[in-house]
Amino acid sequence: MNEQITADQLNEAGHLLIGGCDAIDLAHEYQTPLVVYDVSQIRQQIRAFKRVFEENDVSYAVSYASKAFAAVAMYQVVNQEGAYIDVVSGGEMYTAIQAGFPMERASFHGNNKSYDELVMAVKHHVGVIVIDNFHEIDLLSQVLNELDAKTKVMIRITPGISAHTNKYIQTGQVDSKFGFDLASGQADEALQKVLANPRMDLIGLHAHIGSQIFEVAGFEGVANKLVEVADHWQKKFGYQAKVINVGGGFGIRYVKDDQPLRPEQFVDAIIKAIKKAVQPTNLGKPAIWIEPGRSIVGPAGYNLYTVGSRKDLPGLKSYVTVDGGMGDNIRPALYQAKYETVLVSDPQAPFTEHVRLAGKYCESGDILCQDQALPKTKPGDVLAMLDTGAYGYSMASNYNRNPRPAVVFAENGHSQVVIKRETFADLTHLDQPYEQN
Ligand SMILES: Cc1ncc(COP(=O)(O)O)c(C=O)c1O
């Protein structure tokens, strides 16, 4: 029996409910594979992060890291909740603009922003450009001169802290492609260059230490490091940082062994760490920004699949194959990510077997779950993989020329397609015939 699904997630028929909608009905109405989001869960997470800042009377921004899942509808929901976004490409920026997102609440990240992307960001008045490297300082300076414009910026530093899952290493991760190095003086040099440019309004510093983090120690560490650098910049260069941005990475539960903290526990620890660290300084009360991605959309997402073929091997685990796989969720194949999957018609049914849940893609590595406990299934049964909302659809591909699934938002018993299922015609619409000379 799956322990994650609680009684309030079932209807009278015992079927899984997503956003108040019967998941069997969703699968029938929209076909599978299907990505479904419980929108109220997205809202609750954003509100949980915001609440702690408000209760502590701290200036803040909860900036949704939209690489986790970017779509017009998603940007609309984030806007409705009054949160910020961060984008990492022209494509994400474009999608947010299409959604009518107020771009002054957007930050633009990336370690190789192109000239065109910077022009787009400046023209659309993106709130903050998070400067990552020296090339970008020059390119942005050129763009600002050409457009006769100004922009707010932050400087991204490499904090020398790496925190992945439950490890927190203080000296690790200096060797990173992101941000300015501290020890070699690059960050100081970047600061001087930015301060010397009257078109750049430097509002603060940024760092991001990793993803799927389960402990507060890494965030306390990065908060301390950012305050230390801000203090050094004030003393040495007279620069007063207004914003400390500690990035994202708050862990979520995928499987039983994952024991994430609640949003409020992370935020509380970050606020306390920064308040304490600024006390002996003259930094005053900098605003605190965070950039949660996974923790906002991950738990709200479900991938629905229909069971197809089965292969039983004497003495080995059986393969149960579904109609999706690595094209709609690359994470298990890419980095052995683990998930739990339930039978939608009876999520609390006792388990009767352990199977390998396989995808339909032509790769032996296309296994969605290496060891999935399930009741006995038959072709046509609908399965729901849980907590798939982050870095699933956003990393989807057309491998094997499979169309990407539809994405549905479900809330208060209503459902709506927010990204249509791709058709075969969509797959060839960019193809051009080759004219042999
Ligand atoms: C700069 C930055 N901020 C925020 C995030 C979001 O991380 P998560 O989805 O783990 O919260 C990432 C993820 O890679 C990132 O690179």
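From the backbone N, Cα and C atoms, a Cβ is placed for every residue, glycine too.
The domain 'Orn/DAP/Arg decarboxylase 2 N-terminal' annotation in TrEMBL covers 40-297.
Under the DSSP three-state reduction, Lys67 (N6-(pyridoxal phosphate)lysine) is assigned to helix. Summarising the annotation, TrEMBL assigns N6-(pyridoxal phosphate)lysine to Lys67.
Classification of Tyr391 (pyridoxal 5'-phosphate binding site) by DSSP places it in coil, neither helical nor stranded. Over all protein chains present, the Cβ of Tyr391 (pyridoxal 5'-phosphate binding site) has 23 other Cβ atoms lying within 10 Å. What TrEMBL lists as pyridoxal 5'-phosphate binding site is Gly249, Glu291, Pro292, Gly293, Arg294, Tyr391.
Per TrEMBL, substrate binding site is recorded for Arg294, Arg331, Tyr335, Glu363, Tyr391.
For Cys362 (active site, proton donor), the same-chain residues that are 6 or more apart in sequence and have a Cβ closer than 8 Å to its Cβ are Asn400. The feature active site, proton donor is assigned by TrEMBL to Cys362.
Among the recorded positions listed (Lys67, Arg331, Tyr335), Lys67 has its Cα nearest to the Cα of Gly249 (pyridoxal 5'-phosphate binding site). Max Cα-Cα distance over the annotated substrate binders (Arg294, Arg331, Tyr335, Glu363, Tyr391) is 27 Å.
Nothing from the binding-site residues Arg331, Tyr335, Glu363 places its Cα within 10 Å of the Cα belonging to Gly293 (pyridoxal 5'-phosphate binding site). Distance noted between the C-alpha atoms of Lys67 (N6-(pyridoxal phosphate)lysine) and Tyr391 (pyridoxal 5'-phosphate binding site) is 7 Å. Neighbours of the pyridoxal 5'-phosphate site: apart from Gly249, Glu291, Pro292, Gly293, Arg294, Tyr391, residues of the same chain with C-beta atoms within 8 angstroms of the site's C-beta centroid are Ala65, Lys67, Ala68, Ser211, Gly248, Phe250, Ser295, Ile296, Ala390.
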